[in-house]
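What Swiss-Prot says about this one:
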type: BINDING; residues: 12, 138, 139; note: Ca(2+) binding site
């Protein structure tokens, strides 16, 4: 199973992420976002940021997850390539770590800046054998 794919969207970028678990799908969604920014295969997981979030539904939790990661990129130039997280659907909370390093133009390719997460086309579906997350980011 592929982890994510991009789809065309006027002036923005659509991402479809997959995972056997909800946590894996959220991780792959984040990886897709950072793949827009740089080549994540060159991002070493040497630092982490702890993340604690709550939402009112899964879509809101995903929105906050991506926005929180983009906050670290905007404020600290952190790029991420590895994610360890737990989602509690009863309390609608996400707890985890995002692993990566500070962007370095000598090591990391500068691609496209992701400005923000959006609710446009945002959906989280559970199929027979995986979760599928679809969303659009503003570039």
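Using the three backbone atoms N, Cα and C, a Cβ is placed for every residue, glycine included.
Counted within 10 Å of its Cβ, the other Cβ atoms near residue 138 (Ca(2+) binding site) come to 14, all protein chains included. Take the mean position of the Cβ atoms of 12, 138, 139, the recorded Ca(2+) site; other residues of that chain with a Cβ within 8 Å of it are 9, 11, 13, 114, 115, 116, 118, 136, 137.
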